[in-house]
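Engineer: Here it is, the structure, as structure tokens.
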Amino acid sequence: MAPRRTYQQEMAFLSRVSANQWIVNEGFVPNMRVPGTFYVNKHLETLMFEELQQHVDSGGHGGFLPAVKQLANVACLPGIVGKSIAMPDVHSGYGFCIGNVAAFDMSDPAAVVSPGGVGFDINCGVRVVRTNLMESDVADVKEKLAQALFDHIPVGVGSQGIIPTSAAGLESALEMGMDWSLREGYAWAEDKEHCEEYGRMLTADPNKVSARAKKRGLPQMGTLGAGNHYAEIQVVDEIFDAHAAEKMGVDAVGQVMVMIHSGSRGLGHQVATDALTEMERAMARDGIETNDRQLACARINSTEGQNYLSAMSCAANYAWVNRSSMTFLCRQAFAKMFDSTPDDLDMHVVYDVSHNIAKIEEHMVDGKLKTLLVHRKGSTRAFPPHHPLIPVDYQYTGQPVMIGGTMGTCSYILTGTQKGMDETFGSTCHGAGRARSRNNSRNKLDYAEVLENLKTKGISIRVASPKLVMEEAPESYKDVTEVVNTCHDAGISKKAVKLRPIAVVKG
């Protein structure tokens, strides 16, 4: 066995190529097929390197591998092209680090799909709904509005949905995504236009979703869940790109918006768990070897690979139904509070993006157009202006990208760029990214103090599980502004609008 490398020896494989980008050179871990790269500025890089230093000092023992090692291990997977890429909000996760983008060549029979490259919360994502209200309109009723949202949207760990459906209804929702929401009257036709994939993955096959996953999914439809999921009332704090903002219906600083961050709940988790078990068997059968057993994968064109992609598509559709149901409930709450209609309040969806998903896309690789399976885990699609897969309204601005901050910090709307398309398979960051583990947060932070800090910022908060608040406190995360600025300065996405929270509803 090769002797363990010192921290300095490990760092010799990493090279800075710009103020915001590093390359992980081949040899950092065995069997790398392509280099790795990560986007971090001076401040964010210290977190990456501290994690690596701790790993070396501990003799390689402890929890997850450091993110930079995970990034390099992904670069060893069969069929990977370009680079294994990490965004500035990177932190270690299961198999793939959070913030990882990896693309696999669909024409390569050896190319793989890995559930660890999507994550357990399939199609966890963010939707922003605009209104024509201003901060002054909601100032006096902010507490009531927070309570109304809390009352309307089922939140918390075991929360159950109030959108009535049956087992047959769930099957339809898994197959149809937002088309189901539209048919059942929970969405507007134009909502679909402003949603990635138009809110429906056509590769979904409910027969590939286990009975256990469906059993977990049925009672949770239209629920927010816990952890870092939230519904937030925000106001526009700053406009960086007036043209893009205008296209999004963002007219002025102080305008009220609603941000919904949620995913596929227990159903998505079960789909991932089921697939990992199947894929371990497939790896043994097909002789696929990885550096880390958490990188369980299967050939894209194998039965297991296709089964996973069909089931993952169902979980993605379920998450879009969830966000659509919560949009419906938000619209109801606002309409009731302001004695109006959602239409008169101009409560249109600005855009809805996923940040845990694998999708078949076309990209240029080494000067050739290739069909790739792009895994994005804790990373958001950010297609450039004139891309055929983005709505007509955004053809001149690029695709809107919703970046949720942490509880009590600002959020952003960005737009996609051509440079991002060329360098990161049209991807950018997804949020702030954890700076300390959930366990560490629970041990070091006091929830009463966290809630008090939010109140002093003038933020109304409703929380279903107060003890979980410490895990999601701003102190547990990187600074979202640093993350967004790194992407902006690197040119892989562009800042359009900054949003500030005035009320938070959390699970």
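Backbone N, Cα and C define each Cβ position, glycine as well.
Fair warning: this is a prediction, and the values are worked out from it, not measured in the lab.
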Engineer: Quick check: of His229, His243, His348, which does Swiss-Prot put in the same Mn(2+) 1 site as Asp121, Cys124?
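Structural biologist: Checking His229, His243, His348 against Swiss-Prot: the Mn(2+) 1 site match is His229.
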Engineer: Of His261, His488, which does Swiss-Prot put in the Mn(2+) 2 site with Cys124, His355?
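Structural biologist: Swiss-Prot names His261 for this Mn(2+) 2 site.
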Engineer: Could you check which of these binding-site residues, Asp121, Cys124, Asn228, Thr406, Gly433, sit within 10 Å of His261 (Mn(2+) 2 binding site), going Cα to Cα?
Structural biologist: Cys124, Asn228
Engineer: For Cys124 (Mn(2+) 1 binding site), which of the binding-site residues Asn228, Ala231, His355, Thr406, Gly433 has the nearest Cα in space?
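Structural biologist: Considering only the listed binding-site residues, the nearest one is His355.
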Engineer: When the Cα-Cα distance from Asp121 (Mn(2+) 1 binding site) is computed for each of the binding-site residues Ala231, His355, His430, which gives the smallest value?
Structural biologist: His355
Engineer: Excluding Cys124, His261, His355, please set out which residues of the same chain place their CB within 8 Å of the center of the CB atoms of the Mn(2+) 2 site, keeping sequence order.
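Structural biologist: Going along the sequence, the neighbours appear as Asp121, Asn123, Gly125, Val126, Asn228, His229, Ser262, Gly263, Ser354, Asn356, Gly404, His430, Gly431.
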Engineer: Do any residues at least six apart in sequence from Ala231 (GMP binding site), in the same chain, have a Cβ closer than 8 Å to its Cβ, and if so which, in order?
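Structural biologist: Once residues fewer than 6 apart are set aside, Ala231 (GMP binding site) is near Leu149, Ile153, Leu224, Val258, Met259, Ile260, His261, Met326, Cys330, Val504, Val505.
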